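Inspection log for the structure reproduced underneath, given as structure tokens.
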Amino acid sequence: MPSSCWMVAMAKLLLLLLLSRGLYAIEIPLDLKQPPTITKQSVKDHIVDPRDSAVVECEAKGNPMPVFSWRRNGKFFNPGRDPRVSMRRRSGTLDIAFYSGLDPEDYEGEYQCFATNDFGSAVSNKILLRVSKSPVWPKEFLEPVAVNQGLPLVLPCDPPPSVPPPHIFWMNSSMMPIVEDRRLTVGLNGDLYFSSITVNDTRTTYSCNARFAQTIQQKSPYTIKVLTTRLVAESVPSFLFPKGTASSKVVLRGKPLILMCIAAGVPTPTITWSKKVGDLPRRKLRLENFNKTLRITSMSDDNAGDYICTASNRMGATSHTITVRVQATPYWANKPENLVLTSEDNGKLICRANGIPKPTIQWLVNGEPVDSVPPNPRRQVAGDTLILRSVQIGDSAVYQCNASNEHGYLLANAFISIQEAAPRMLGPRNQLVKVMENNRTFLYCPFFGSPLPELRWFKDGQIVGRDGGHYKAYTNGTLEVRHARLDDQGTYTCVANNRLGKAENQARLEVKEPTRITRPPEHLRAIRGSTARFECRAKHDPTLPITVTWKRNGRLLVLGWRLQKEDDFLAISSVRREDEGNYTCTVRTELDRASASARLVVLDRPDPPTDLELSDPTERSIRITWTPGNDNHSPTKEYLVQYEEDYWEPGRWKNLSSYPGNLNSVILPLSPFINYQFRVYAINAIGWSKPSRPSQRYQTSGAAPDAVPGNIRGVGTWKTRMEIRWEPLEDTQRNGPHLRYIVWWRRRDSREEWKNITTYWLRHIIYDTDTFTPYEIKVQAVNDFGLGPESNVVIGYSGEDRPIAAPTNLRVSKTDSTKATVHWTPVPSKTIMGLLKEYKVYYWRESSQLKWLSVSREKKSKGFNVTGPQPWGVLTGLVPYSNYKMHMVVANSRYEGPASSTVEFQTKEGVPAPPRFFRIQQRHMDTLYLDWDRPAEPNGILTGYTLKYQVVNGTRGGRTQLDFPPNTTYYSMNRPDRYTRYRFSLAARTQVGVGEAAVEDSPLFTNEAYTREQVDIATQGWFIGVMCAIALLVVILLIVCFIKKSRGGKYPVRDKKDLPLDPVDQKDQDGSFDYRINRVPTLPYSKRVRWGITVAP
């Protein structure tokens, strides 16, 4: 809501304060003579700390400056006679110094301040000064309190009285606060109530503690001695507080109401509240302390009535009625205001106050009751109204109105000032007032004059505020502008006139465009760690600068690296859980503000479950219950229960089972002989929670195995051996200590007895078996608790031997260019000496049917796993127009048998492979030369080549095809211009068809980058001449270098100056030196002498 709303509300309040003052309620400038006015005073009930000095305030204004005096307890009090009391200069404020050794209570009492000048006396409230006390709790020895089990008990606190009253709390023997529950209650008076006593109440002591103003005092602790009985008798509820069936309570309007009901009984009673007439005020009501306390935050008249407290248990119910009456301290209906009159004027002061009971009104003049001062014939008191007629200069005075009832009093000062003065303006001149369009504003023109001046407002020479409309002028000089419009802008003049003169002032009004948010932030749901962005765009008056602030949950955001304001956005990077809340964007100008809010919800992984509890244990199951953690705005979809055991793999957690997210108590299936510990994960759409704290351990009892080993098989490892293998039971399937396996076997289809052996291993080898003989096998697990179930019978075979027969009648029935269909006669099954794996064909390319083509004789193989009386298979991937050979063997799982006889066959002619190479060259500017080689695999007799080409960079369409004989391997073609590019494809042909083509594009030359009109530089005469001159110059330089070298390589290195040569310089007289190098041999000295090598010195 824009700030204009609360500004209007404040303006209304100010208007009521300024404009409802009777005839003429206005401040008199201090430079004019006037009676005193109290401006500051202490509170009526003034409690001070004895460790500090006491300050009793009293400030006043007037002309002449008032003189201050005090009364204490109704008698004159002279601060100057007490060295500990001083009164501040030009003030009536008292400073009371509490020196050491002084009893501060000596200064307690009722103080009243008087401010007096030539025109009267103003008085303050009666200030009750009290010193806060921290009394010492007398030590006492308390006998143990003996009470029968099940009876109620009240332990009184009875703290010593103090100012202010102490705060009461109870503590146990461990100095921990007593925790209240349905049975145990601390009453409003501080006593400790037990609804019924149990044996557990003897485990500690109970001490009452009182927190006073400066200290905490502790009463001697109570000890409870419980007299136990075999059976505690149940009882109907009865009230410990309040007593009886009815009571009453008076509460002041606007103050909180606190009602408490404490009941005794077994079982502990339950408390409920109701109202005899009407409903409980739910909006202001709060039930606390297990419904034993009813609290209403602020009482109003309609909250009065009979409140019924009902205590009930299964033995019965009882009620107590509390009659609540609402009364009120006096409050002003019409507070008397100051009056400024001229001679012979009439006036009146009205003093009206309300309250319950109705307040009584007393009038005083200059601090004294009107009845006790000399009568004034021009003054008349008529109840709550004081009337003055035809006043004179000497009638100036300060009148007091006292409105009081049994709950308190109100005191107001109002003076009568008799004077004459020309009009004057009291406020600042030429004010600038800014207001938002369609809002209410006020132009203030405070003035003073006596007699009361007539004030009028003008705008553009026209009177405003007299004819109604959206202007309203008040007698105190204020002009109200309702629903300001743009045409209300301008300069306003206020003019005050009386018979003594005239005064005027001006105010300028500017109407501004209201601020409004055009694109408010929207509610967001963000995953923790992501980035959230709130948008907030606003429109405002261009002449008013704005500030944009962001708040979270009402607190101003501190921007940083994570929270950044970007133009019209608030960006929150790496969102955290604590970022969740209501975000409010506020756009402010100096006149108004606009706000909009949105909520950020942070989605996160769930919090881990807590409070894991195990119950209902059995041999193979247990119930686990947990308290779900916060799902962090993403519903929990699943719970995963893990377990850990401390024997086989301690410290390793394994998944046990998962359950839907709406469960928090499940029965877990367990295995015997495992010491379990459990933990739970919560899983939602965001991810997994952290694991819960582990539960307590639970050990299941042992049992015989109830599972069989898996994957039992008999495998032949040698022709006279068979190895029986199986997979072990899992750790959770062992069910007991010393797990082992009983292995059973016998030959199938025999009448022999089962043989067995017990082993801890996971295999067993049987020796001296027949070759590839079937055996019946079974395995059984056993532990110290007994035998597990037997497995199903599994057939295993002993070891295989090498096949002894070869396939016969191997032949080829059908061939094409790349395939051949093979047939054979299978071998007898007894000759395989094992389990048939496959018939394997070994084949190789013996030669090509083209005599001149050499081939690779790499041997290949292919297996056929076929059965039946007439097996066959297809060889694929053969090379066309070739001679092949093949033979076949039979194979079992371990060996291959002897080879069959070798069979030859031929493949038919096919299409050729692509040419071995295909090149395109440009030997002249307008000629392309193509050459190629025959295919690496002709796959038949070549019948020629097919060349196809088309333009690829122009608009010419169509494809050209040329056929060449098999002995042609090149082709030249002219192209119409050098910039045209072609794409060529070349393929060889046989009688079967055209083979795979080779594709090439004509080359792209550099001179193609030039435009068609550019001339070739290499054909220009000037270019040829320059190249010839450069070549001639290079030849001349080479000749000069050769001549110089033939002279010994001496080059002058000195300037032609007559400089002396160093004696050690080995130089020629012409200033040259010889650059020839004497090479130093690297041979040893002895070899150099032998070979006649000498080294120049």
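The backbone N, Cα and C atoms fix where each Cβ goes, glycine too.
According to TrEMBL, the feature signal peptide maps to 1-25. TrEMBL lists 36-124, 138-225, 237-325, 330-417, 428-510, 514-601 with the feature domain 'Ig-like'. What TrEMBL lists as domain 'Fibronectin type-III' is 608-703, 708-801, 806-910, 914-1009. What TrEMBL records for 1022-1043 is transmembrane segment.
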Composition by DSSP (helix, strand, coil) of residues within the domain 'Ig-like' (330-417): 6 helix, 52 strand, 30 coil
Secondary structure content, the domain 'Ig-like' (36-124) (per DSSP, counts of residues): 7 helix, 47 strand, 35 coil
For the domain 'Ig-like' (237-325), the number of residues DSSP places in helix, strand and coil: 3 helix, 54 strand, 32 coil
Secondary structure content of the domain 'Ig-like' (138-225), with strand meaning DSSP E or B: 5 helix, 33 strand, 50 coil
Tally of residues which DSSP labels helix, strand or coil - the domain 'Fibronectin type-III' (914-1009): 4 helix, 46 strand, 46 coil
